[in-house]
Structure formats: C-alpha cells, structure tokens
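**Q** Provided herewith is a single structure, encoded as structure tokens, for subsequent inquiry.
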Amino acid sequence: MKKQVKNIKKQKAQNQTKNIKKQLKEEVNTGLIDGIFVYTEPLSVIEFATKINKPLTAILKHYFNQGLLLNQNTLLTEEQMGELCLEFGFDFKKETTVTKENILQTLLETVDDEKHLKERPPIVTIMGHVDHGKTTLLDSIKNSNVVASEAGGITQAIGAYQITTNHNKKITFIDTPGHEAFTEMRSRGANVTDIVVLIVAADDGVMPQTEEAIDHAKLANVPIIVFINKIDKPEADPNRVKTELMKYGLVAEEFGGDIPFIEGSAIKKINLDKLQDTIILISELENLKANPDKFASGVVLEAHLDKAKGPVASVLVQQGTLEIKDIMIAGTTFGSIKHIEDEFKHKVLKAEPSKPVVVYGLNQVPKAGDKFVVINDEKMAREISEAQLKKQQEEERRTKQAFTLDAIKQHIDEGELKNITLIIKADTQGSVEALKNSLSKINISGVKINIIRASVGAISLSDISLASTVRDGLVIVYGFNVRPDAIVRKKAEEDHIEIKLHNIIYKVIEELEDAAKGILDPEVKELVLGQAQVRALFRHSAIGTIGGFYVLDGIIPRNAKIRVIRNGVVVYDGEINSLQHQKQDAKEIKAGFEGGLTIKNFNDIKEEDIFEAYKIEQIK
C-alpha cells in the first residue's frame, strides 16, 4: 500500500513538472485574432495602434477629447486598452505568457474543477483596540476547545491555531500581535483571512484602534462579526457600542443591518459557543472550499532562524495537502520539507487546507506574507526561486521610481495615474472633518480621490502599514498639526509612502490642486534633523523654562528651527534661544547625549515633550 501511494505521488510530481515545462514553452499569440484583441501586458500607444491596425492619431484624438494629452510612447493601462477595443468594436482578452518569474502566481491562480473541491475550515482574525480582550478571547477559545492536558501547550510562535467546536467543525484562528501584522501580509498581496471578528469592550466603546481595525477589515473585503466583550462588568453598555459602530457602517441585524453582534465575556466564557456557531454559519454561507488532492500552496505567517534547526517557517495551507519531503518554494526561498509540526509541537505527516503548521527545511528565512507552492522537482524549484529573487529586485527598483506628488501632472496627462489615496491625521476632530470635506470635493479630471482613513492623532506605524496595502496609484499621508516620530518616518521611507505635513488647511488643498495642474512650487523642502525627548524641567527667572532633553535621533543644532510636539501634536513652532551641554554653550548635540535648551517666546515645555529640530532647504 505504501509503495502504491509513493508511486502515485511520484507520477503526480512528474505530471506537474511536465505541465510546468509545457506552460513555460508556450508562446501567446497577441493582436487581433478572429475579432478579439489578445494581449499579455500593457502596451504603448504606438504598439497598440499597430496591433489593431488603426491610425495613431485616432487613439491620441480619443483621449484628447477626454482631456488627456498622450503621446505615442505613453503606456496604456489595461482599462484604457479595453476601453479602446470597445470604441473600435473589438472584444478583448488577456492571456498570460508563463515565465519562471510569474509561474508561482499562475499556479496559485489555477481554478480547480468544482468536483475536486471540498469544504474547508474558515480562517478567522480577531482585531480590536488594545485591552479590549483580544488575547483573553483567543485564550478562552483555545482552552474551551482543546484537551485540558494540551491547553497550555499551544505555541505562540506558530501565529495560528485550529480548534474543533462542539459540533465537530474546525475553525482556524490567526493569532497576530495586532492588526499591523494582518496589514503587513495584505500589503504583500497575501489574503489570509475569511472572517474578521471585531472585539469591542462594552464598558469602553469604540476607541482609536477599533477605528483602525474597521479600516483594515473593510479594505480586506471580508465578512465582519462584532463581539461585544466584558458584558459582565457593571458599567457595560452594549447598546452604546452598537450605536457608536453605526457611524462606521456596522449596523446590527436587530437594527436592520447585516452585521452579526454577539454580547459576551471572554474571561467568563459567556457566549463563546454562540460566536463559534456564527463563524461556522457565515463560513457555510461563504461556501469556503479547497482542493485537498493536489500539491500544497498557501502563505507564510511567520518565520525566523533557529540556531539549531535553521530556517523555520509557520505556514497556512490554503490549497492542496502539504507533506514531509515536499519541495516548497516560499517567496525567494526553497527547500525539501524535513519536518512538519502542528500548534502543539506534535510531528505531523501532512497538513490539509486551512491548517497552520511549522515547517523545517527551507534554504533561507522567508518573509511573512510570502506565498508558497509545492513543486516536487528540485532543479525546477531552484530555478524558479532564483527567478523570483530577480523579479523581487526588479520590483523594488520600480517601486523607487513610483508616483510622487511633485510629478503627478505628467502621470495624469499620460493617463498613468487613475487613483490618489489619502490618509488624514489631525490634531482635532474639527480639523479632521474640515480636511475630509475639502479634500473629497477636489475634482481632478480622470482621477479618483479615495480617503481610506481620517482620524485624530499622530501619524503612526499603523497608518503607514495601511497605506502600504494600496496597490494602485499615488498614496499620501497628510498630517495636520501632527508629526510622525523617527521610527514612523523610517518605515514610510522604506515603503515609499509620501508624508505631507501642514498647519493651514487651505495649504493642503492648494498643494494637491497645484500638483495636479503642474504648478506645485518645488523650491523648498523641509529636512528633519533630529528629535529629542524632554526629561527634566528647570525654571530660570531671567531666561524662562529650560527643557532638559535626551537626543533620540539625529542631531539638535543651535541654528535649527524647533517644534514642540506633545502626544504627536505640534504645540509650538519657533526658534532655539539657547543650547547647552553640561552647562556649556553648544553648537549641536548628537544622538545619545543630553542637553538643555530654551525656546524664543515659549515657556510651556512639559516632561516627555518631543523637540523636533528641522531646517528649510532650497531645492536647486
């Protein structure tokens, strides 16, 4: 029997290799074929005109009449090519030329015959504000649904676990440290969750991270269940929570909406069964299925380097069945799987769809969010892995040349820019509403403006992570009287997210409108020199309040401009009056050193304020 199974798997591997090689050899015929325009990638105007045998001027005129000035080298988007085909009376169809760079995506997108699909467990992510009970809820569900001797044995390192309900149905929970991890995977194109459970404390209501979690869940476009936690507390007010969430479009079924609300207590284990039953009901309505009878594919949840065992990856199987000795490609890494563990650290021989497991045997550490595919041909896997690395390097190079506010006029004129996505952060709710209303009224021909978050507070890592999930067009994070810290600025630079900071509302509107018209003033640029935290205050009758500080990042120069930032909000912007180090006048103080300063015409310095030194540069 074992020999028979081994032979079947060997034959399956040979068929897979043969099929991949065949796909790699096939060339797609493009152009007009039987009245259908077939294409594989975006074409320039001149290339498109040649393929459909139409005059170049006909295409240029078509877009000129729409207010778009194109030239023969302008790259047409897929939408534009489709629009032109309809204009000239053709159907159109996209075909994919399979290469080693895109074969993984081709394999992942393969649609299985309905007869091969079987029901799979739902994959659930719990999100919400810190201290609203997310960890307690996860722990209570774990402990209620696993054997007592195993309950404490679930490893946190795996990033997910699977439970069996009282009705013998399985549910997989993604155990992330916060919605940042969830968003980070989405920014890499990995959709891992089927259902989001939004947890809100009945005694606290909607809080800032609740709003952020709602933004992330809506962008993921998955069903949402609201779990109102802590109803056992005397001050619990679940109706208040339901009313507050209406503002975000989450309307309870009892009020005529379509969002299930469950009132319960994670710590007292009230209505946990009802939550699980609701998850199963929604999963059945969503008709979640997968094909378990093929080589596995899925996504990497977490990964690290173990000194003794080498690269270790927690993966979630989404299709097929993963087995020991399978050859896996994960992102730019590959290897033969030597060992598979479940969430209890038990060795398992295989993992079916929706099952999270830990695998050993990859040649390097993959990244969270990397997609994986099993290709049981080591030579082929190595070649595809190397091609993936080359593709990643090329994509990183292209990302660095992406849209910027300074150059959007050219991109709009050439029809390349269709969407501008904005995140708005401000010091007060009044400022948020004013900016949101003003920005949403801006009319740029051929461009849609989307505001995906507008809230009070400093620009945070969560804002940058959310911005990174946007795959199309220009993304800008606008800060009004608020600032990012050094860590957030660094993350924004790494992810190529543009941050624009203002303290006058009309300047925000003017900047975006002028950029679209191509008259944005590029003459000046603000350069942040350093940030320091106030750790002590000293009063002096002659010179006022001295802020004793520690430099966190960069330098604080004597001749720089200075901002005072409190809880992410700018409370003063002015000039340094005096700068000292160890009671001696100083020209500058570097990161890791302490000093003291006074500010011209400002004495309301408080401990834990942030001093931000900056200068305005003339751009030549």
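Residue 1 is the first one shown; counting continues down the chain.
Even glycines carry a Cβ here, placed using N, Cα and C.
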**Q** Among 63-67, 153-157, 308-312, 558-562, find the range that Swiss-Prot records as region 'G2'.
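**A** Range annotated as region 'G2' by Swiss-Prot: 153-157.
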**Q** Please give me the CB contact count at 10 A for K134 (GTP binding site), counting all chains in the structure.
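**A** Taking all protein chains shown, K134 (GTP binding site) has 26 Cβ neighbours within 10 Å.
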**Q** Should anything in the same chain at least six residues away from the region 'G1' (128-135) have a Cβ under 8 Å from its Cβ atoms, list it; otherwise answer none.
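**A** Contacts of the region 'G1' (128-135) (Cβ under 8 Å, skipping residues fewer than 6 from its ends): 178, 198-201, 204, 207-210, 213, 229-230, 266-267.
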**Q** In which DSSP state, out of helix, strand and coil, do we find K134 (GTP binding site)?
**A** helix
**Q** Going by DSSP, is G128 (GTP binding site) part of a helix, a strand, or coil?
**A** strand
**Q** What is the one among the binding-site residues G128, D131, I231 whose Cβ has the most other Cβ atoms less than or equal to 10 Å away?
**A** G128
**Q** Report the DSSP secondary-structure composition of the region 'G4' (229-232) as helix, strand and coil residue counts.
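**A** Tallied per class, the region 'G4' (229-232) gives 0 helix, 1 strand, 3 coil.
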